Amino acid sequence: MLTLGEALRDATATLERAGVASPLVDARLIAAHLLGCGPLDIALRMRDEVPAGFAAAVERRARREPLQHILGTAPMGPLDLHVGPGVFIPRPETEVLADWAVRQVAGDVEKRKIVDLCTGSGALAAYIGHALIDATLYAVELDPGAATWAQRNFDEFAPQVKLIHGDVTDPTLLAEVHGTIDLVVSNPPYVPESDDLDPEVYQDPHMAVFSGADGMDVINKMVHLIFNLLKSGGAVGIEHDDTTSDAVRQVFSQHGGFGTIEVLHDLTGRARFVTARKL
């Protein structure tokens with residue numbers, strides 16, 4: 001009988017040959033998912049039988065199907081968000097922006113009116129809404145397929161979030177709350193067009209990832225909506241490509257309606273977020 005330990009060894013070798021960046025971790029996460037246990041528990045189950053479906057799941061990963069599609073979830077802080085084909089998979093670095101957002105309003109119950117632009121799976125809004133259950137949140141998404149995933153996550157983790165179908169490049173969007181919002185967050189499409197990225201990237205919806213030759217198309221246009229939404233003194237935080245920090249800061253500076261324009265770094269020290277306040 002093939003043991004789980006032996007199957008993990010073989011799976012790790014298979015995934016390594018396929019170019020997967022973290023073959024052992026992925027193999028263990030697949031096994032833990034199928035066994036219904038935590039990843040750390042795998043070390044105690046090396047002599048167990050191989051769970052049904054393990055070989056097929058490893059083969060899917062070897063074809064560079066995103067691990068999160070195989071597991072059906074993606075971690076976002078304390079949440080395991082539902083994801084699958086048709087929605088952008090949240091990345092760990094976005095938790096930095098989510099944590100920043102919660103800190104901006106956590107101490108003042110009067111300043112908890114928040115908008116998440118380009119919500120995708122609902123990652124930012126769900127994280128914030130789960131942490132601040134009395135917050136008023138609006139989440140905007142253009143893609144109906146992604147919005148379906150977002151609503152599923154809001155229903156489970158942050159039912160107070162109101163999902164809005166709309167285009168964040170339209171400065172008139174959400175006109176009924178213009179000038180009243182305390183905080184805007186966004187993880188918009190920001191990757192420069194390229195055909196040389198990891199295969200998994202291209203399984204996210206193109207419109208959720210890429211934003212023109214320099215990755216700035218959406219950010220350049222959405223700044224006007226952000227300004228319209230925020231009240232004076234309201235804050236904004238945007239995730240961006242690690243090559244465009246200067247360009248994003250320039251967008252807010254040249255607009256003329258923002259001050260306190262600052263950079264946030266991800267956990268590896270890369271400049272990945274710009275924050276600002278409406279004057």
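Including glycine, each Cβ sits where the backbone N, Cα and C put it.
Because the structure is a prediction, the values reported are computed rather than measured.
What Swiss-Prot records for Glu141, Asn187 is S-adenosyl-L-methionine binding site, and it gives sequence analysis as the kind of evidence. Around Glu141 (S-adenosyl-L-methionine binding site), the C-beta neighbours below 8 angstroms that are at least 6 residues distant in the chain are Cys118, Thr119, Gly120, Ala147, Ala150, Leu163, Ile164, His165, Gly166. The DSSP secondary structure for Glu141 (S-adenosyl-L-methionine binding site) is strand.
Positions annotated as substrate binding site by Swiss-Prot, on the basis of sequence analysis: Asn187, Pro188, Pro189, Tyr190. Mapped onto three states, the DSSP output places Pro189 (substrate binding site) in coil.
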Surrounding the recorded substrate site, with Cβ no more than 8 Å from the Cβ centroid of Asn187, Pro188, Pro189, Tyr190 and those residues left out, we find Cys118, Ser186, Val191, Ala208, Val209, Ser211, Val218, Ile219, Ile238, Glu239, His240
